[in-house]
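Quick look at what Swiss-Prot annotates:
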{"type": "BINDING", "residues": "Y19, C66, N71, D107, S136, F137", "note": "S-adenosyl-L-homocysteine binding site"}
{"type": "BINDING", "residues": "N175, E261, F263", "note": "Mg(2+) binding site"}
Amino acid sequence: MPTFPQSFPMNGGDGPHSYIHNSSYQKVAIDGAKEKTSEAILKNLDLELLNRNSDENILRIADFGCSIGPNTFEVVQNIIDTVKQKNLKENNAYIGAPLEFQVCFNDQPNNDFNTLFRTQPISSKQAYLSVGVPGSFHGRVLPKNSLHIGHITYALHWLSTVPQHVCDKKSPALNKSYIQCNNLVEEVTEAYRVQFKKDMGDFLGARAEELVSGGLMILSGQCLPDGVPKALTWQGVVIDMIGDCLMDMAKQGITTKEKIELFSLPIYIPHISEFKAEIERNENFSIETMEKISHPMDYKPLTNDFITSMFRAILNTIIEEHFGDGVVNELFDRFAKKLNKYPIDFKRCKKYVNYFIVLKRK
């Protein structure tokens, strides 16, 4: 059986291959949703309702799957600035005391929280109280009825675990030819789909317990257009190419074919109709906003160096855990060369659908 870690965070530290220096693709998406996030809070957050039954003057915010780097701090600051704006505009008495903010930064236990808090802007330390919350967001990580605004971006495609059958040699769902779910093998896709549905149910169920009545959950990320396999997107092409590089390394004895067959990424990009169905299935929330948004970088080709650096920052930890030390450098050196020889044809590749969703706890 595979030796996947229980958690698979982005590459830590602040070196050249770290996520902190290779997350601009995600930053552009966050910046693109910034105005919509503010509009959603101004329209849907009821400050009086949130604290009607509370003696506290603290508004709690959580960023789930925060990783490291500036993106999470920018998200949180935008939320706080908007709440302050709303509070001032409404001249809200808000329990008669100055409004304070507590921010919970959540990610897997082996996320690099040291780097996260070491790089926290000084100004933010004066604006809110910070707490690191290690744990999978597929389960409850905060006390019941304690959260006012939850946020998650570009993280829900990570599953809680690799579907068991895709690494079972006796199963028809064995993902023998690929290291991802690229939707080309139906048995593999179905195994991933089942795991995704369970994880989405667990995620929304946990947030329903944590959020107070009237609290908001803001989600953004990517889905596949209905009927389009991931293999036809540029992201799918990239990961399949990384898998090809691993097979080349196996032929030269650097790793083994068996190890590759037992390696499959715990990532599932659902089709937009699948994702919408799972959101609607949970009856604890009302859907205030559900819309498609554009990613500014979808309309221009990315450089090979950019692609290599981004995917190394994302996949470094899980590849190293499964294949051992020394494989990652060789793998991404080979990948960079293969990418230069066979560059991505962005005009032919299908594009992901970017979504922005606002849920309100009933």
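Along the chain as shown, the residues are counted starting at 1.
Glycine too: its Cβ is placed from the backbone N, Cα and C atoms.
Feature map: annotations from Swiss-Prot on the structure.
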residue : record                                 : DSSP (3 states)
Y19     : S-adenosyl-L-homocysteine binding site : helix
C66     : S-adenosyl-L-homocysteine binding site : coil
N71     : S-adenosyl-L-homocysteine binding site : helix
D107    : S-adenosyl-L-homocysteine binding site : strand
S136    : S-adenosyl-L-homocysteine binding site : coil
N175    : Mg(2+) binding site                    : coil
E261    : Mg(2+) binding site                    : helix
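You'll find the Cα of F263 (Mg(2+) binding site) roughly 30 Å from the Cα of N71 (S-adenosyl-L-homocysteine binding site). Listed binding-site residues: D107, E261. The one with the lowest count of other Cβ atoms within 10 Å of its Cβ is E261.
Largest CA to CA distance in the S-adenosyl-L-homocysteine binding set (Y19, C66, N71, D107, S136, F137): 19 Å, whole number. All protein chains considered, the CB of N175 (Mg(2+) binding site) has 29 other CB atoms within 10 Å. Just so you know, the Cβ of N71 (S-adenosyl-L-homocysteine binding site) picks up 22 other Cβ atoms within 10 Å once every protein chain is counted. N71 (S-adenosyl-L-homocysteine binding site) sits 34 Å from N175 (Mg(2+) binding site), taking the C-alpha atoms as the reference points. A gap of 26 Å separates the Cα atoms of F137 (S-adenosyl-L-homocysteine binding site) and N175 (Mg(2+) binding site). For Y19 (S-adenosyl-L-homocysteine binding site), the number of other Cβ atoms no farther than 10 Å from its own Cβ, over all displayed protein chains, is 26.
For Y19 (S-adenosyl-L-homocysteine binding site) paired with E261 (Mg(2+) binding site), the C-alpha to C-alpha distance reads 27 Å.
Cβ contacts within 10 Å of F263 (Mg(2+) binding site), excluding its own Cβ and spanning all protein chains shown: 24.
The two recorded residues, D107 (S-adenosyl-L-homocysteine binding site) and N175 (Mg(2+) binding site), have Cα atoms 28 Å apart.
Distance from the CA of N175 (Mg(2+) binding site) to the CA of S136 (S-adenosyl-L-homocysteine binding site) is 25 Å.
For the pair C66 (S-adenosyl-L-homocysteine binding site) and N175 (Mg(2+) binding site), the Cα-Cα distance reads 30 Å.
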